[in-house]
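Asks: I'd like to ask some things about the structure below.
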Amino acid sequence: MAANPPSTKPTRGGWKSAIFIIFVEVAERFAYYGVAGNLFMYLTKVLGQSTATAAKSVNTWQGVAAIFPVVGGFLADSYVGRFKTILVSSIIYLIGLILLTVAVSTVPLEARHTVFFIALYILTVGEGGHKPCVQTFAADQFDESIPEEKAAKSSFFNWWYVGIVSGATAAVLVVIYVEDYVGWSLGFGMLAAAVAAALVVFLAGSGSYRREAPVGSPFTRVAQVVVAAVRKRRMSEGEARGFCVEDDDYSGVSMEGGTGAGTLAPTSHFRFVDKATMIDARDASSEKRNPWRLSSVKQVEEAKLIFQLIPIWLSCLMFGVVIAQLGTYFTKQTSTLNRSITPTFQIPPASFQVITGLTILLSVLLYERALVPISRAITARPSGITILQRIGTGLLLSILTMVVAALVESRRLGVAAQHGLLDSPRAAVPMSAWWVVPQYVLCGLADVFAVVGLQELFYEQMPVGMRSVGAAAYITVTGVGSFLSTGVIAAVQRVGRGGEGWLGDNINRAKLQNFYWVLGGVSALNFCVFVCVANRFVYKRNQPAA
């Protein structure tokens, strides 16, 4: 594909280009939540899976959908480019939705399970290319060398999240109702139509996009730093004949001096890998730099950026476990309550997830218009609070979510016992479903702080050539969290009485509140780890021109 003109040209990029890409993401989120939001109910009601089995099926599928973006991000950054990756993955996604529609409408029930799950996992392949690239490709439309676009980019991540939550909220409000009360085939058909329309819009704006060329494998550069540092592990700074400063400046002689304008400033953490920049006698006698023996300061600092993000990623995994409950046990809990609006209409249990979506929409607006200006006046930071403070606030709110969910579940069990419904799991407990609203609201608030913060952190703090991989990395927080949730469910089933215990099919006899308390307790311990890691984090900064 022909290269675009330089990105500084006003005819390309900016909001006028980003809006086309945002539309694609809105449609994809609409489709994803139209499937994921009600998947638990389809597996239990139509395919006949048990509560725990359905929860594990949903968690595993969501986990795979969030892990595949690592592959997609790597291919986009290294070889294919973001535009082509988005295009191909959108087509794959559309194929999966069409097959899903066929599975629920024409495939006999005895064979539907296999076809249905094949279609589901085709969607994960589409997700793999779509999720890490769309946000990054949209952010690429804002050139930080142009003051107006740099200012616009500062608010991009908040408004981006408003867009995707709008798509998810529309799916929960409209599609889930259609699936429950009209038909699954029509519901999934609506999702396929939305993705097809988004694909047309994306192609319509293709002439205005700024496109970054793939840079080759970024992981190779990181591996070269590690190998070079290990090779020179016994070398002291006094023995070095010089230091390799720039990637292309090594000429076989000692080089001193600082980095040039716009390059990463040297940092003092992970000092071991700094040895990779030391020039020894063998390097000095070589006409060409061997990248597996000698790395530039820039290359080493890029590797450090990745190294310090790994502990942050690990300390956010419990957040992913908490969020995984939204589409599984929160939905099951809600399904047992009185959801009637009129004598003839009940809100579908999965539609309560719209409360989380609406909370996110309102909270992002308040965050942008109220919290940021107030905190900016206090801290003198352009963003108000730091990215890690934002993520930490989200983690705290996720702990509170589990505490509230456990308290509500304890009350629900008390009402069920009071009315003699402990052995009637299909009967509605005479307790209003509005009791679960606080846990859905808290889940949304946690998302606003943690998820948007992770998006920004893994975009801003990654090397430029690895930003799609960075987007994939934050997505895998929820994916690995889903896998961990599956593991926790399996462990609880093993230690529970009769192999069921806390998470049995009869939720009135189960001890779901104990499961919530365990998640809240582990999340609290995890938060302490996050605070320790965050206190040692060093934000990326560029070295000014000499």
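Cβ atoms are placed via backbone N, Cα and C, with glycine included.
Owing to the predicted nature of the structure, the values given are computational and were not obtained by experimental measurement.
Under the heading transmembrane segment, TrEMBL lists 30-48, 60-80, 86-107, 159-178, 184-204, 305-330, 350-367, 387-408, 439-459, 471-495, 515-538.
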Asks: Should the transmembrane segment (350-367) and the transmembrane segment (439-459) be scored as in contact, given a threshold of at least 3 Cβ pairs under 8 Å and pairs 6 or more apart?
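Replies: Yes, the transmembrane segment (350-367) and the transmembrane segment (439-459) are in contact.
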Asks: Are the transmembrane segment (305-330) and the transmembrane segment (86-107) near each other by the rule of at least 3 C-beta pairs under 8 angstroms (pairs 6 or more apart)?
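Replies: The answer is no, given that the two segments have fewer than 3 Cβ pairs within the 8 Å cut-off.
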Asks: So which of 30-48, 60-80, 184-204 is most in touch with the transmembrane segment (159-178), counting Cβ pairs under 8 Å?
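Replies: Against the transmembrane segment (159-178), the leading stretch is 30-48.
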Asks: Which listed range (30-48, 60-80, 439-459, 471-495, 515-538) shows the maximal number of Cβ pairs under 8 Å with respect to the transmembrane segment (305-330)?
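Replies: Out of the listed stretches, 471-495 contacts the transmembrane segment (305-330) most.
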Asks: Please figure out which one of 184-204, 387-408, 439-459, 471-495, 515-538 racks up the most CB pairs under 8 Å against the transmembrane segment (60-80).
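Replies: Answer is 471-495, with the largest number of Cβ pairs below 8 Å.
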Asks: So are the transmembrane segment (184-204) and the transmembrane segment (387-408) touching or not, going by 3+ C-beta pairs under 8 A with a sequence gap of 6 or more?
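Replies: These two stretches do not touch.
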Asks: Compare 30-48, 387-408, 471-495, 515-538 by their Cβ pairs under 8 Å to the transmembrane segment (439-459) and return the stretch that comes out on top.
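Replies: Stretch with maximum Cβ contacts: 387-408.
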Asks: Mind checking which residues reach the transmembrane segment (515-538)? Cβ under 8 Å, same chain, six or more beyond either end.
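Replies: Residues packing against the transmembrane segment (515-538) from afar: 267, 269, 308, 311-312, 315-319, 321-322, 325, 329, 388, 391-392, 395-396, 398-399, 402-403, 405-406, 409, 488, 492, 502-503.
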